[in-house]
Structure formats: C-alpha cells, structure tokens
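**Student:** Below are the structure tokens for one structure; questions will follow.
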Amino acid sequence: MDEWMNYEQFDRQTWHGFFPTDSVRLTQGNLDEIKSLNDRISIEDVQDVYLPLIKLIQLRYQNFLEWQMQKANFLQRSTMRIPYIIGIAGSVAVGKSTIARLISILLNKMLPDKRVELMTTDGFLYPNAELKRRGIMDRKGFPESYDMERLLKFLNDVKAGEPVVKAPTYSHQVYDVQLDKPLVIDSPDILIVEGINTLQLPSNQQLYVSDYFDWSLYVDADPDLIEHWYLQRFGMLLDTAFTDPSNYYYPYSKGDRQEAFKMAKYVWQRVDLPNLREFILPTKSRADVILHKTTGHVVDKLYLRRG
C-alpha cells in the first residue's frame with residue numbers, strides 16, 4: 001500500500017507560493033538562538049516552509065475556535081477556554097525541538113493576543129532509578145519507558161481547562177528527569193507538545209496521547225541521514241561537556257574519542273534505530289502534515305493530509 005495515498009505532496013517552491021510573505025521579521029541571529037546543536041535553519045526556511053505552515057495552523061485554529069463556539073451554543077452553555085494542542089513527532093536527532101521552538105515563536109508573532117506554550121514529553125520518561133528497577137534502562141525512549149498514565153492525565157487536565165498544570169522536565173545534560181524542576185503550563189491558548197512518542201498507539205491503552213491533539217506534524221528524514229545527525233550531535237555534546245564534570249557526557253569527552261563514537265553508534269543501532277523503525281516511523285501516517293528533510297536539515301517536501 002502506498003504510504004502517501006492519503007496525502008497531497010508539495011515541493012518547497014510550490015508550498016512557498018501558498019503564502020509568499022515575509023511579514024514576520026526574524027534575523028539569522030534569532031534563528032541561531034533557537035536551533036539545536038547540529039540543526040540548521042535559515043531565513044529562507046522560514047519564508048519558504050514555516051510561514052505558510054503557520055498560516056495553515058492559523059486557519060485550523062480559527063476553525064477550532066468557531067467549532068467551540070458553535071458547540072457551546074448547541075449545548076446551551078457558555079464557551080469555555082479550551083487550549084488548541086499541536087503535536088510534533090519524529091525520531092531523535094531529526095530536529096523536532098528546533099521546529100517546535102520556531103513554530104512557537106512564529107505563532108506568538110502571528111497571534112500576539114494568544115498565549116502559546118511549548119513542552120516536551122521527555123519529562124514523562126521514568127527516572128533512571130525507576131528504569132533500572134524495572135530492568136529497562138537499555139529501552140529508554142521505547143514506549144514502555146514512559147509514564148503514559150501521568151502524561152495522559154497532564155494532557156487531560158490541560159484540555160479540561162485547568163488554569164495551571166505542571167509537567168516534569170528532562171535534562172539532557174544529566175540524562176535524567178528533573179522532578180524538582182517542573183514546567184508550569186499556565187492557561188495557554190495554544191500548547192505545542194513535542195516528543196518521539198506523541199503519535200504512538202501503545203497496545204495496552206484505551207486512550208492515546210494523540211486523542212488530545214487538534215493538529216499534528218511529523219518530521220521525516222531518511223534513517224541514514226538521521227544517524228549522521230545523531231553522531232554529529234554526539235560529537236558536539238562531547239565538545240561542550242569536557243569542562244563540566246556533572247555533565248553525563250563528561251566521562252566520554254575525557255576518554256578515547258574513537259571509543260566514544262563506537263559506543264554512540266552502538267546505541268543508535270541497538271536502541272534508537274529499532275525504536276524508530278518499530279514505534280516511531282509507523283506513526284507517520286497519523287500526522288496532519290509530514291515535513292520531509294534532506295541533507296543539511298533542508299526541508300524539500302511537505303505532505304498534507306487530504307480532507
């Protein structure tokens with residue numbers, strides 16, 4: 001079966017033509033501040049890819065608000081403030097975090113009267129101590145390593161209009177959850193939820209994370225390219241960790257670099273690549289938009305779900 005049968009495909013030039021404007025002013029310096037270590041994003045990317053994407057999200061959001069008003073009228077009740085939730089999924093090292101931050105900034109500029117907040121599902125990983133207790137430390141990132149019940153409760157509270165909801169955070173520096181440093185989500189109009197597991201359908205659940213999404217994006221790239229970006233990022237992490245003994249990567253930065261990369265490649269092949277193939281890639285067809293990247297993190301194609 002053709003994996004693209006329910007999508008319309010657009011090349012970059014065609015996509016740009018749907019909203020050919022540069023009305024949102026950003027500098028390359030602004031973009032460098034939000035991009036992840038080895039990611040790449042340019043002013044041309046914003047104009048060609050992301051501004052049309054933001055316009056599409058804006059249209060969907062307007063429809064969402066209209067539906068909330070119509071539903072409230074039908075039920076003969078006052079309109080509640082219900083957050084619009086955007087899910088962003090894709091492999092590790094594919095650039096989800098950069099895209100999520102960029103979308104957040106652009107939405108804030110395009111919708112200045114709306115409160116836009118951003119979070120990652122990494123904080124809902126079980127702490128390392130719990131992963132070790134369960135004997136699944138080597139499965140970190142796989143579906144069973146997440147506290148899905150807690151994540152679902154968080155999303156349910158947000159959708160229910162709870163004014164203040166707290167989410168645990170994750171530190172890539174110490175490679176563990178930070179339960180004592182929660183992220184406070186305070187009455188957002190739009191919430192962006194980024195993570196590898198946002199579109200997954202765990203077999204032991206009747207309720208899924210994506211049930212709470214109003215719109216979703218999958219960031220796609222060839223697995224060989226993602227591996228290259230993964231190892232490139234690992235090298236940059238080594239370069240930034242060698243002066244900080246508290247950093248998870250510090251021991252690797254002080255040891256044999258070739259051995260460190262050998263370890264990273266092993267982790268990719270034994271953990272991240274199987275996770276991508278078995279649990280992340282199969283969720284691609286559940287996204288409203290698929291953003292495809294090629295060499296250098298350049299977006300060359302976009303796929304828009306029909307209907």
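A Cβ is built for glycine as well, from the same backbone N, Cα and C atoms used for every other residue.
What Swiss-Prot lists as ATP binding site is Gly90, Ser91, Val92, Ala93, Val94, Gly95, Lys96, Ser97.
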**Student:** Three states by DSSP: which one describes Ser91 (ATP binding site)?
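**Tutor:** SS state of Ser91 (ATP binding site) = coil.
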**Student:** Can you tell which of Gly90, Gly95 has the most other C-beta atoms within 10 Å, given these are the binding-site residues?
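**Tutor:** Buried the deepest by this measure is Gly90.
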**Student:** Return the residues near Lys96 (ATP binding site), defined as same-chain residues 6+ apart in sequence whose C-beta is under 8 angstroms from its C-beta, sorted by sequence, else 'none'.
**Tutor:** Ile88, Ala89, Gly90, Glu194, Gly195, Ile196, Val219
**Student:** Where does Ser97 (ATP binding site) sit in DSSP terms: helix, strand, or coil?
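**Tutor:** Going by the DSSP assignment, Ser97 (ATP binding site) falls within a helical segment, counted as helix.
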**Student:** Using a 10 Å radius around its CB, how many other CB atoms surround Ala93 (ATP binding site)?
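**Tutor:** Neighbour count, Cβ to Cβ under the 10 Å cut-off: 25.
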